[in-house]
Amino acid sequence: VDRVSLDGDFLQDSLSKTRQVDDFTSRLLDIHRKMMDANKEENIRLGLHRSDYMLDSETNSLLQIELNTISVSFPGLCSPVAELHRTLINQYGKLLCLDAKRVSLEMRRSRQFPLKTLAKAWDEFNVDSAVVMMIVQPEERNMYDQYWLVKYLRESHGVTTIRKTLSEVEAEGQVLPDGTLVVNDRKVAVVYFRAGYTPNDYPSEAEWSARLLMEQSSAVKCPSISYHLVGTKKIQQELAKPNVLERFLENKEEISKLRQCFAGLWSLDDEEVVKSAIENPDLFVLKPQREGGGNNIYGLDVREALIRLKKEGGDALSAYILMQRIFPKASLANLVRGGVCHEALTVSELGIYGAYLRNKDKVIINDKCGYLMRTKVSSSDEGGVAAGFAVLDSLYLTDK
(Lines of atoms letter the chains of each structure in order from A and count residues from 1; the text may use other names and numbers.)
(Lines give C-alpha, C1' and ligand atoms only; values in the text may rest on other atoms or scores of the structure.)
Protein backbone atom coordinates (compact mmCIF):
# COMPACT_ATOMS: atom_id res chain seq x y z
CA VAL A 1 0.00 0.00 0.00
CA ASP A 2 2.74 2.43 0.92
CA ARG A 3 4.72 1.81 -2.27
CA VAL A 4 1.68 2.17 -4.50
CA SER A 5 0.67 5.36 -2.68
CA LEU A 6 4.02 6.95 -3.51
CA ASP A 7 3.43 6.49 -7.25
CA GLY A 8 1.13 9.44 -7.83
CA ASP A 9 1.18 9.12 -11.61
CA PHE A 10 0.06 5.48 -11.37
CA LEU A 11 -2.89 6.44 -9.17
CA GLN A 12 -3.91 9.36 -11.38
CA ASP A 13 -3.55 7.40 -14.63
CA SER A 14 -5.30 4.27 -13.34
CA LEU A 15 -8.28 6.28 -12.10
CA SER A 16 -8.41 8.78 -14.99
CA LYS A 17 -11.38 7.14 -16.72
CA THR A 18 -13.16 6.43 -13.45
CA ARG A 19 -13.07 10.10 -12.49
CA GLN A 20 -15.00 11.04 -15.63
CA VAL A 21 -18.05 9.09 -14.49
CA ASP A 22 -17.65 9.06 -10.70
CA ASP A 23 -17.71 12.48 -9.08
CA PHE A 24 -16.64 11.17 -5.66
CA THR A 25 -13.44 9.60 -7.02
CA SER A 26 -12.87 12.74 -9.09
CA ARG A 27 -12.97 14.96 -5.99
CA LEU A 28 -10.53 12.69 -4.17
CA LEU A 29 -8.20 12.80 -7.18
CA ASP A 30 -8.42 16.61 -7.25
CA ILE A 31 -7.11 16.75 -3.67
CA HIS A 32 -4.44 14.19 -4.52
CA ARG A 33 -3.34 16.23 -7.56
CA LYS A 34 -3.07 19.38 -5.46
CA MET A 35 -0.79 17.54 -3.05
CA MET A 36 1.33 16.28 -5.97
CA ASP A 37 1.59 19.76 -7.47
CA ALA A 38 2.60 21.18 -4.10
CA ASN A 39 5.18 18.38 -3.73
CA LYS A 40 3.67 17.73 -0.30
CA GLU A 41 5.88 15.51 1.85
CA GLU A 42 4.43 13.07 4.35
CA ASN A 43 7.34 12.04 6.55
CA ILE A 44 5.13 10.03 8.92
CA ARG A 45 2.94 7.59 7.00
CA LEU A 46 0.28 5.67 8.89
CA GLY A 47 -2.00 2.90 7.68
CA LEU A 48 -4.59 0.79 9.51
CA HIS A 49 -5.82 -1.67 6.89
CA ARG A 50 -7.93 -4.80 6.55
CA SER A 51 -7.76 -7.30 3.73
CA ASP A 52 -10.94 -9.38 3.38
CA TYR A 53 -11.03 -12.98 2.09
CA MET A 54 -13.50 -15.78 1.44
CA LEU A 55 -12.70 -19.48 1.17
CA ASP A 56 -13.41 -20.54 -2.41
CA SER A 57 -14.91 -24.06 -2.43
CA GLU A 58 -13.62 -24.78 -5.95
CA THR A 59 -9.93 -24.20 -5.18
CA ASN A 60 -10.03 -24.43 -1.35
CA SER A 61 -8.08 -21.15 -1.36
CA LEU A 62 -8.58 -17.89 0.49
CA LEU A 63 -9.25 -15.31 -2.24
CA GLN A 64 -9.20 -11.57 -1.61
CA ILE A 65 -12.54 -9.79 -1.74
CA GLU A 66 -11.18 -6.30 -1.20
CA LEU A 67 -8.57 -4.21 0.56
CA ASN A 68 -9.81 -1.57 3.01
CA THR A 69 -7.55 1.41 3.70
CA ILE A 70 -10.02 3.84 5.32
CA SER A 71 -12.31 3.55 8.35
CA VAL A 72 -11.35 -0.05 9.08
CA SER A 73 -13.97 -1.01 11.64
CA PHE A 74 -14.73 -3.43 14.49
CA PRO A 75 -11.33 -3.96 16.11
CA GLY A 76 -12.95 -2.91 19.39
CA LEU A 77 -15.86 -5.36 19.12
CA CYS A 78 -14.50 -8.55 17.54
CA SER A 79 -12.35 -9.49 20.54
CA PRO A 80 -15.28 -9.46 23.01
CA VAL A 81 -17.23 -11.67 20.57
CA ALA A 82 -14.51 -14.36 20.72
CA GLU A 83 -14.42 -14.09 24.51
CA LEU A 84 -18.22 -14.37 24.60
CA HIS A 85 -18.08 -17.55 22.51
CA ARG A 86 -15.45 -19.05 24.83
CA THR A 87 -17.56 -18.21 27.86
CA LEU A 88 -20.68 -19.79 26.32
CA ILE A 89 -18.79 -22.95 25.38
CA ASN A 90 -17.29 -23.18 28.88
CA GLN A 91 -20.86 -23.19 30.22
CA TYR A 92 -22.56 -25.32 27.58
CA GLY A 93 -19.67 -27.09 25.86
CA LYS A 94 -20.77 -30.59 26.79
CA LEU A 95 -24.20 -30.03 25.29
CA LEU A 96 -22.69 -28.49 22.17
CA CYS A 97 -19.80 -30.99 21.90
CA LEU A 98 -17.38 -28.09 21.56
CA ASP A 99 -14.06 -27.23 23.22
CA ALA A 100 -13.67 -23.62 24.38
CA LYS A 101 -9.90 -23.72 23.87
CA ARG A 102 -10.48 -24.11 20.12
CA VAL A 103 -12.03 -20.64 19.83
CA SER A 104 -9.18 -18.54 18.48
CA LEU A 105 -8.30 -15.55 20.66
CA GLU A 106 -6.02 -14.09 18.01
CA MET A 107 -8.76 -11.44 17.89
CA ARG A 108 -7.24 -9.94 21.04
CA ARG A 109 -4.49 -8.53 18.83
CA SER A 110 -7.23 -6.91 16.74
CA ARG A 111 -8.27 -4.82 19.72
CA GLN A 112 -4.75 -3.60 20.37
CA PHE A 113 -3.64 -2.89 16.81
CA PRO A 114 -5.21 0.57 16.27
CA LEU A 115 -4.50 1.57 19.85
CA LYS A 116 -0.76 0.87 19.77
CA THR A 117 -0.28 2.13 16.22
CA LEU A 118 -2.13 5.40 16.74
CA ALA A 119 -0.29 5.96 20.02
CA LYS A 120 3.05 5.35 18.33
CA ALA A 121 2.16 7.71 15.47
CA TRP A 122 1.23 10.38 18.06
CA ASP A 123 4.58 9.74 19.75
CA GLU A 124 6.46 10.13 16.44
CA PHE A 125 4.69 13.47 15.84
CA ASN A 126 6.36 14.52 19.10
CA VAL A 127 4.11 17.35 20.33
CA ASP A 128 2.94 16.51 23.85
CA SER A 129 -0.02 18.90 23.80
CA ALA A 130 -1.38 17.60 20.48
CA VAL A 131 -4.42 15.34 20.21
CA VAL A 132 -5.68 12.49 18.05
CA MET A 133 -8.72 13.67 16.07
CA MET A 134 -11.24 11.01 15.08
CA ILE A 135 -13.39 11.97 12.09
CA VAL A 136 -16.90 10.59 12.62
CA GLN A 137 -20.29 10.76 10.93
CA PRO A 138 -22.84 13.26 12.34
CA GLU A 139 -25.19 10.48 13.52
CA GLU A 140 -22.65 7.76 14.28
CA ARG A 141 -24.20 4.30 14.79
CA ASN A 142 -20.94 2.44 15.38
CA MET A 143 -19.78 4.58 18.30
CA TYR A 144 -19.06 1.73 20.74
CA ASP A 145 -16.36 0.36 18.46
CA GLN A 146 -14.79 3.81 18.66
CA TYR A 147 -15.29 4.85 22.29
CA TRP A 148 -13.15 2.06 23.72
CA LEU A 149 -10.23 3.37 21.64
CA VAL A 150 -10.70 6.88 23.04
CA LYS A 151 -10.76 5.42 26.56
CA TYR A 152 -7.66 3.25 26.19
CA LEU A 153 -5.60 5.88 24.37
CA ARG A 154 -6.17 8.11 27.38
CA GLU A 155 -5.67 5.49 30.09
CA SER A 156 -2.79 3.52 28.54
CA HIS A 157 -0.88 6.23 26.70
CA GLY A 158 -2.06 9.55 28.10
CA VAL A 159 -3.27 10.64 24.65
CA THR A 160 -6.37 12.81 24.34
CA THR A 161 -8.80 12.10 21.49
CA ILE A 162 -11.36 14.53 20.12
CA ARG A 163 -14.26 13.48 17.87
CA LYS A 164 -15.23 15.80 15.03
CA THR A 165 -17.41 15.65 11.94
CA LEU A 166 -16.03 16.97 8.66
CA SER A 167 -18.30 20.03 8.89
CA GLU A 168 -17.02 20.77 12.40
CA VAL A 169 -13.44 20.60 11.14
CA GLU A 170 -14.29 23.10 8.40
CA ALA A 171 -15.90 25.46 10.93
CA GLU A 172 -13.30 25.15 13.70
CA GLY A 173 -10.07 24.23 11.89
CA GLN A 174 -7.13 26.11 10.43
CA VAL A 175 -3.62 25.34 9.23
CA LEU A 176 -0.92 27.53 10.72
CA PRO A 177 1.96 28.86 8.58
CA ASP A 178 4.22 26.04 9.84
CA GLY A 179 1.68 23.42 8.71
CA THR A 180 0.22 22.65 12.14
CA LEU A 181 -3.45 21.70 12.08
CA VAL A 182 -5.45 23.40 14.84
CA VAL A 183 -9.09 22.50 15.52
CA ASN A 184 -10.98 24.38 18.23
CA ASP A 185 -7.64 25.63 19.60
CA ARG A 186 -6.22 22.08 19.87
CA LYS A 187 -3.12 21.06 17.91
CA VAL A 188 -3.77 17.83 16.01
CA ALA A 189 -1.07 15.17 15.77
CA VAL A 190 -3.08 12.40 14.07
CA VAL A 191 -6.27 12.51 12.00
CA TYR A 192 -8.01 9.13 12.23
CA PHE A 193 -10.81 8.73 9.68
CA ARG A 194 -13.86 6.72 10.73
CA ALA A 195 -15.90 8.63 8.15
CA GLY A 196 -15.22 10.22 4.77
CA TYR A 197 -15.27 7.02 2.71
CA THR A 198 -18.67 7.53 1.06
CA PRO A 199 -20.22 10.40 -0.95
CA ASN A 200 -22.91 10.63 1.74
CA ASP A 201 -20.22 11.99 4.08
CA TYR A 202 -19.79 15.05 1.82
CA PRO A 203 -23.25 16.66 1.52
CA SER A 204 -21.78 20.14 0.88
CA GLU A 205 -18.57 21.92 -0.09
CA ALA A 206 -17.78 22.41 3.61
CA GLU A 207 -16.88 18.73 4.01
CA TRP A 208 -14.62 18.79 0.94
CA SER A 209 -12.93 21.94 2.26
CA ALA A 210 -12.26 20.14 5.54
CA ARG A 211 -10.74 17.14 3.74
CA LEU A 212 -8.42 19.40 1.76
CA LEU A 213 -7.51 21.41 4.87
CA MET A 214 -6.44 18.29 6.76
CA GLU A 215 -4.49 16.98 3.79
CA GLN A 216 -2.57 20.27 3.50
CA SER A 217 -1.52 20.12 7.14
CA SER A 218 1.44 18.39 8.74
CA ALA A 219 -0.82 16.16 10.86
CA VAL A 220 -0.45 12.42 10.33
CA LYS A 221 -3.39 11.18 8.28
CA CYS A 222 -4.90 7.71 8.68
CA PRO A 223 -5.34 7.40 5.79
CA SER A 224 -3.68 10.04 3.65
CA ILE A 225 -5.45 10.83 0.39
CA SER A 226 -3.03 8.57 -1.48
CA TYR A 227 -3.62 5.63 0.88
CA HIS A 228 -7.38 6.20 0.45
CA LEU A 229 -7.05 5.96 -3.33
CA VAL A 230 -5.00 2.76 -3.13
CA GLY A 231 -8.04 1.14 -1.51
CA THR A 232 -10.35 1.81 -4.48
CA LYS A 233 -11.73 -1.16 -6.43
CA LYS A 234 -10.12 0.09 -9.64
CA ILE A 235 -6.62 0.04 -8.13
CA GLN A 236 -7.30 -3.48 -6.81
CA GLN A 237 -8.15 -4.50 -10.37
CA GLU A 238 -5.12 -2.71 -11.84
CA LEU A 239 -2.75 -4.48 -9.44
CA ALA A 240 -4.13 -7.82 -10.60
CA LYS A 241 -3.04 -7.15 -14.19
CA PRO A 242 0.06 -8.97 -15.50
CA ASN A 243 3.38 -7.26 -14.72
CA VAL A 244 1.86 -4.50 -12.56
CA LEU A 245 2.95 -5.85 -9.17
CA GLU A 246 6.49 -5.90 -10.54
CA ARG A 247 6.30 -2.10 -10.59
CA PHE A 248 6.18 -2.09 -6.79
CA LEU A 249 7.80 -5.34 -5.64
CA GLU A 250 11.08 -7.00 -6.58
CA ASN A 251 10.87 -10.33 -4.73
CA LYS A 252 9.36 -12.87 -7.15
CA GLU A 253 8.26 -15.15 -4.31
CA GLU A 254 6.32 -12.32 -2.64
CA ILE A 255 4.70 -11.41 -5.98
CA SER A 256 3.69 -15.03 -6.52
CA LYS A 257 2.16 -15.29 -3.04
CA LEU A 258 0.15 -12.11 -3.59
CA ARG A 259 -1.17 -13.30 -6.95
CA GLN A 260 -2.35 -16.57 -5.41
CA CYS A 261 -4.76 -14.53 -3.27
CA PHE A 262 -6.18 -12.52 -6.17
CA ALA A 263 -9.59 -13.46 -7.50
CA GLY A 264 -10.31 -12.76 -11.16
CA LEU A 265 -10.56 -8.99 -11.68
CA TRP A 266 -11.27 -7.25 -14.97
CA SER A 267 -11.92 -3.79 -16.30
CA LEU A 268 -15.05 -3.35 -18.39
CA ASP A 269 -12.85 -2.44 -21.34
CA ASP A 270 -12.39 -6.18 -21.80
CA GLU A 271 -15.18 -7.00 -24.26
CA GLU A 272 -14.74 -10.77 -24.00
CA VAL A 273 -15.13 -10.73 -20.22
CA VAL A 274 -18.15 -8.41 -20.44
CA LYS A 275 -19.72 -10.77 -23.00
CA SER A 276 -19.05 -13.73 -20.70
CA ALA A 277 -20.58 -11.87 -17.73
CA ILE A 278 -23.73 -11.09 -19.72
CA GLU A 279 -24.04 -14.76 -20.70
CA ASN A 280 -23.19 -16.10 -17.20
CA PRO A 281 -24.00 -13.31 -14.73
CA ASP A 282 -24.03 -15.64 -11.70
CA LEU A 283 -20.27 -16.15 -12.08
CA PHE A 284 -19.44 -12.46 -11.64
CA VAL A 285 -19.87 -9.51 -9.27
CA LEU A 286 -20.11 -5.96 -10.62
CA LYS A 287 -18.42 -3.54 -8.22
CA PRO A 288 -18.61 0.27 -8.22
CA GLN A 289 -16.17 2.61 -6.47
CA ARG A 290 -18.12 2.59 -3.21
CA GLU A 291 -17.40 1.51 0.37
CA GLY A 292 -19.60 0.56 3.30
CA GLY A 293 -21.65 -2.37 1.97
CA GLY A 294 -24.81 -2.59 -0.10
CA ASN A 295 -23.29 -1.35 -3.37
CA ASN A 296 -22.31 -4.46 -5.35
CA ILE A 297 -24.42 -5.93 -8.17
CA TYR A 298 -25.11 -9.67 -8.41
CA GLY A 299 -26.95 -12.29 -10.48
CA LEU A 300 -29.30 -11.22 -13.26
CA ASP A 301 -28.80 -7.60 -12.18
CA VAL A 302 -25.22 -7.92 -13.50
CA ARG A 303 -26.55 -8.69 -16.98
CA GLU A 304 -29.06 -5.83 -16.90
CA ALA A 305 -26.47 -3.34 -15.63
CA LEU A 306 -23.88 -4.33 -18.25
CA ILE A 307 -26.39 -4.08 -21.10
CA ARG A 308 -27.48 -0.66 -19.85
CA LEU A 309 -23.90 0.56 -19.45
CA LYS A 310 -22.96 -0.62 -22.93
CA LYS A 311 -25.92 1.29 -24.40
CA GLU A 312 -24.88 4.44 -22.53
CA GLY A 313 -21.44 4.08 -24.09
CA GLY A 314 -18.62 6.53 -23.48
CA ASP A 315 -16.87 6.14 -20.16
CA ALA A 316 -19.86 4.79 -18.22
CA LEU A 317 -18.21 1.37 -17.97
CA SER A 318 -15.22 2.92 -16.18
CA ALA A 319 -17.20 3.43 -12.98
CA TYR A 320 -17.19 -0.34 -12.35
CA ILE A 321 -14.99 -3.41 -12.32
CA LEU A 322 -15.94 -7.05 -12.77
CA MET A 323 -14.83 -9.60 -10.22
CA GLN A 324 -14.95 -13.37 -10.18
CA ARG A 325 -17.73 -14.47 -7.86
CA ILE A 326 -16.41 -16.63 -5.04
CA PHE A 327 -18.55 -19.55 -3.87
CA PRO A 328 -17.66 -20.51 -0.29
CA LYS A 329 -19.01 -23.65 1.34
CA ALA A 330 -22.16 -23.01 3.41
CA SER A 331 -22.37 -24.16 7.06
CA LEU A 332 -25.26 -24.41 9.49
CA ALA A 333 -25.00 -21.78 12.23
CA ASN A 334 -27.02 -19.92 14.86
CA LEU A 335 -27.20 -16.17 14.36
CA VAL A 336 -28.38 -13.58 16.88
CA ARG A 337 -29.70 -10.25 15.60
CA GLY A 338 -31.75 -7.86 17.68
CA GLY A 339 -31.87 -10.38 20.51
CA VAL A 340 -33.48 -13.04 18.30
CA CYS A 341 -31.66 -16.31 17.53
CA HIS A 342 -32.31 -18.27 14.36
CA GLU A 343 -30.60 -21.15 12.56
CA ALA A 344 -29.55 -20.78 8.93
CA LEU A 345 -27.07 -21.85 6.28
CA THR A 346 -24.26 -19.32 6.39
CA VAL A 347 -20.97 -18.30 4.77
CA SER A 348 -18.17 -16.34 6.41
CA GLU A 349 -15.67 -13.66 5.42
CA LEU A 350 -12.26 -13.38 7.07
CA GLY A 351 -10.62 -9.99 7.45
CA ILE A 352 -6.93 -9.73 8.33
CA TYR A 353 -5.95 -6.48 10.05
CA GLY A 354 -2.62 -4.87 9.23
CA ALA A 355 -0.75 -1.88 10.65
CA TYR A 356 1.94 0.19 8.95
CA LEU A 357 3.89 3.13 10.34
CA ARG A 358 6.93 4.75 8.76
CA ASN A 359 8.85 7.90 9.69
CA LYS A 360 10.96 8.93 6.71
CA ASP A 361 13.06 5.85 5.86
CA LYS A 362 12.49 4.08 9.17
CA VAL A 363 9.70 1.47 9.15
CA ILE A 364 8.45 1.35 12.74
CA ILE A 365 5.45 -1.01 12.40
CA ASN A 366 4.59 -3.38 9.55
CA ASP A 367 2.61 -6.32 10.87
CA LYS A 368 -0.59 -8.33 10.73
CA CYS A 369 -2.71 -7.62 13.79
CA GLY A 370 -5.46 -10.12 14.40
CA TYR A 371 -8.60 -10.82 12.44
CA LEU A 372 -12.27 -10.05 11.96
CA MET A 373 -14.81 -12.77 11.17
CA ARG A 374 -18.21 -11.89 9.72
CA THR A 375 -20.95 -14.42 9.03
CA LYS A 376 -24.10 -13.97 6.94
CA VAL A 377 -26.90 -16.17 5.64
CA SER A 378 -25.77 -17.82 2.40
CA SER A 379 -28.67 -16.30 0.46
CA SER A 380 -27.40 -12.75 1.15
CA ASP A 381 -25.06 -11.22 -1.41
CA GLU A 382 -23.79 -8.36 0.77
CA GLY A 383 -21.66 -8.77 3.90
CA GLY A 384 -21.50 -5.54 5.89
CA VAL A 385 -22.32 -5.67 9.61
CA ALA A 386 -23.09 -1.96 10.04
CA ALA A 387 -25.07 -2.10 6.79
CA GLY A 388 -27.23 -4.84 8.33
CA PHE A 389 -26.23 -7.88 6.31
CA ALA A 390 -23.91 -9.85 8.61
CA VAL A 391 -23.05 -10.58 12.25
CA LEU A 392 -19.70 -10.59 14.04
CA ASP A 393 -18.30 -14.07 14.57
CA SER A 394 -15.10 -15.88 15.65
CA LEU A 395 -12.96 -18.74 14.41
CA TYR A 396 -13.28 -22.27 15.83
CA LEU A 397 -10.10 -24.22 15.06
CA THR A 398 -10.28 -27.88 14.02
CA ASP A 399 -7.74 -30.57 13.13
CA LYS A 400 -8.78 -30.65 9.46
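Residue positions begin at 1 at the first shown residue.
Glycine residues also receive a Cβ, built from the backbone N, Cα and C atoms like all the rest.
Feature annotation from TrEMBL assigns substrate binding site to R50, 70-73, 140-142, Q146, 194-197, R374, 385-386.
Per TrEMBL, ATP binding site is recorded for E66, K233, 287-296, Y298, 323-326, E349, K376, E382.
Among the features that TrEMBL reports, Mg(2+) binding site is placed at E66, N68, E291.
Taken from TrEMBL, the feature domain 'Glutathione synthase substrate-binding' applies to 130-230. Averaged over the domain 'Glutathione synthase substrate-binding' (130-230), the predicted model reaches a pLDDT of 96.
Per DSSP, the secondary structure of the domain 'Glutathione synthase substrate-binding' (130-230) breaks down as 43 helix, 26 strand, 32 coil. Ranked by CA distance from S73 (substrate binding site), the binding-site residues E66, P288, Y298, R325, K376 have E66 at the top as the closest.
Put plainly, the binding-site residues N68, S71, S73, Q146 were compared by Cβ crowding within 10 Å, and the winner is S71. In this structure, the CA atom of P288 (ATP binding site) is 19 Å away from the CA atom of A195 (substrate binding site). A gap of 25 Å separates the Cα atoms of S71 (substrate binding site) and Y298 (ATP binding site).
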